[in-house]
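Participant: Under the heading Zn(2+) 1 binding site, Swiss-Prot lists 60, 63, 70, 73. The Zn(2+) 2 binding site annotation in Swiss-Prot covers 100, 103, 150, 153 and is backed by sequence analysis. Feature annotation from Swiss-Prot assigns Mg(2+) binding site to 464, 466, 468; the stated evidence is sequence analysis.
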């Protein structure tokens, strides 16, 4: 039979009868031992050769196959006494409740049976909806369970009580119903009555849920391992089966020898415990079976269920070959489409190339190089690791056999060559929460031990460089490589399907640098310009202006060199949002309204609104008008220009950024004192009972709302005072105003005051009895006692302020952790619910049986990445373009 493949037409789930278990079995296991003194499997033991082989050199006694040929075969154990299958306890109770203890019939009258039989016979038990079947059968079972007298034989019935996990008894007695008695009761149920329980008697008789024969899984399901000491260590399942066989033998001997009933019952309970924990070692109500070391055994249910179980861990998702994982590092001079791969990884990862008449000479040259070739300068050169013959045999290439195998290869062979520059690979960072968590990059072989990529690609991956690791997958098929280049390449993912705007763009230093380069259009000498432009292509040169006989270059002209010809765009910069001036193009003293005409920057300041992810107007326009390739080229040039410029110019921030004069500190302290007076007056008014409640609120809520409002006002006002002394010459302010990092609120907390700390939108009120900390009087509801921090980070927080600040900060951490787990679970449920949906050729959304879900994908059939941020058209885009000038 080996080697014969058959197509599976259908799968039917059923219970195994004792006879089927015996027929399926190749050996009756009667001894608990595994190997003899010579290390050879014992006959009729748990490692009997009839159940398969795991040792090289041995052959299976059933099919004659070796280790890699034998699929494994079942054995069986004849149990001394019946035991309840823990997985069917609910069903057993259902049968005991709804059937007569004497005659075994379902406790429905003949009239009810005649009425309900046509209804249940209409149901298709094999292909019907399980929920509909369950609702119908539950109706019959509930009706039958309520009867305390059998309508067929007149026998008085008792209510059945289940003492979990597997003990049954009749109500009012402590005498348990033994598994043997349960089995006898279930055997009396006629086949014709089983339809009312949703059971098919041909595939599932109820007495089969009480075990008399236990199947023993094949050896390759529970292989033993050899430890470093040379001792064998058996699998957890084998340990449990040993316990079951030993207790079953003791129970059989005690029963046959006429031992007292108490001893027999104890051994029977012990056998039930071992069989229960063999199936599920986390059954509530009984202690888990443990290894000698104290570790809980991993039995059948634990191997199947959960994230680490067989289905989710080994079938839905697997570990794969041709992949690599290491720490990531930034490399500002790589293209967004590129990934820097360490030489060590490039030598290990291979791409299969099928030899044909067009590439055979090239492949021979590659093979002749061997495994570790280098050029005359000692740089990496692609080698070959393996060649594969047409019959599937792999030949490892070494420096000794390289020339011989180069001559031997022919058309139809496969050459597994190492990575070379330009190969397309998939790059991924987990958690993979959206499409852009896995994108196609082209390879650049670099020295070092880390993967490197352009910082502009951090946003879609949500990556930073504090120790993050990423995965790289080398594509093995030509069709997949073509797909990756055309669909998955980074430049094709610039626009996010979530909001229809760019998700790849300049971050942090890029934004700061371009802000400094363009704000107020600074002037540079020829030498300075050469330094700034050094990292760009040599043919990109800005337009020079002659002033007093000298060549000068302006920041906007330098930035214009990286813009494509024909680009026309107008927008307000991020600087505008924090400006006190009007941001209109006709009246713009703050230099905040950007205008680009025919690829030349006329006016404005480049900042977050121009080149950053989520808001980059220039990237958005270039992608829509010139395509993905031009957008990627702009981002490459923009990041090189920004890093080159800021490296040359220099940019430093420090604690001195937040120095404000003593007069400003005094003004802030005065503001805080005034606010405290107002809060104290509010509290006095409240205590006198004169505070008027706000509509829909209690007096207490009104007081809290008023105090929070006062605390918010003083923080905002102190922030304004601090900010008025911190202008656009201050590096930290440049970062905040340009959108590179942080906000002016963060800066005001450092230089002004930190302000009111809150938990769940209100002031702090928990802690000790009637006070937040023992440092305050009981009943104190003043500002300081309820989490108002009057210090700034510059001056430093007092111990109580630091404690309150930590409480406020911890809420953010806990909230983040809770939201992460909830959103992760929600996403998993959505994925499972939608996994059978597909978009067909007519853009209709259907499930696997062809049911229509949506007439048009997304109701409108529009790709969000091609929409104008979710709208059909962008009027500004249409109006302000070539026709403008």
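Each residue's number is its place along the chain shown, starting with 1.
From the backbone N, Cα and C atoms, a Cβ is placed for every residue, glycine too.
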Participant: Starting from the Mg(2+) site formed by 464, 466, 468, give every other residue of that chain whose CB sits within 8 Å of the mean position of their CB atoms, in sequence order.
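Facilitator: Leaving out the recorded residues gives 328, 463, 465, 467.
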Participant: Report the same-chain neighbours of residue 60 (Zn(2+) 1 binding site): residues 6+ apart in sequence with Cβ closer than 8 Å to its Cβ, ordered by sequence.
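Facilitator: Correct list: 49, 50, 52, 53, 66, 69, 70, 73.
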Participant: Measuring Cα to Cα, how many angstrom lie between residue 466 (Mg(2+) binding site) and residue 150 (Zn(2+) 2 binding site)?
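Facilitator: Computed Cα spacing between residue 466 (Mg(2+) binding site) and residue 150 (Zn(2+) 2 binding site) is 73 Å.
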Participant: What's the CA-CA gap between residue 100 (Zn(2+) 2 binding site) and residue 63 (Zn(2+) 1 binding site) in angstrom, rounded?
Facilitator: 47
Participant: Can you tell me the CA-to-CA distance separating residue 150 (Zn(2+) 2 binding site) and residue 63 (Zn(2+) 1 binding site), as a whole number of Å?
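Facilitator: Their Cα atoms are separated by 53 Å.
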Participant: Reported as an integer number of Å, what is the Cα distance between residue 103 (Zn(2+) 2 binding site) and residue 464 (Mg(2+) binding site)?
Facilitator: 72
Participant: Determine, to the nearest whole angstrom, how far the Cα atom of residue 153 (Zn(2+) 2 binding site) is from the Cα atom of residue 63 (Zn(2+) 1 binding site).
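Facilitator: The Cα atom of residue 153 (Zn(2+) 2 binding site) is 53 Å away from the Cα atom of residue 63 (Zn(2+) 1 binding site).
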Participant: Which whole-number value in Å describes the distance between the Cα atoms of residue 464 (Mg(2+) binding site) and residue 63 (Zn(2+) 1 binding site)?
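Facilitator: Each residue's Cα considered, residue 464 (Mg(2+) binding site) and residue 63 (Zn(2+) 1 binding site) end up 55 Å apart.
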Participant: Taking the Cβ of residue 70 (Zn(2+) 1 binding site) as centre, how many other Cβ atoms lie within 10 Å?
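Facilitator: By my count, 24.
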Participant: Show, in sequence order, which residues other than 60, 63, 70, 73 on the same chain lie with their Cβ within 8 Å of the centre of the Cβ atoms of the Zn(2+) 1 site.
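Facilitator: Residues close to the Zn(2+) 1 site, other than 60, 63, 70, 73: 26, 50, 51, 52, 53, 61, 62, 64, 65, 69, 71, 72.
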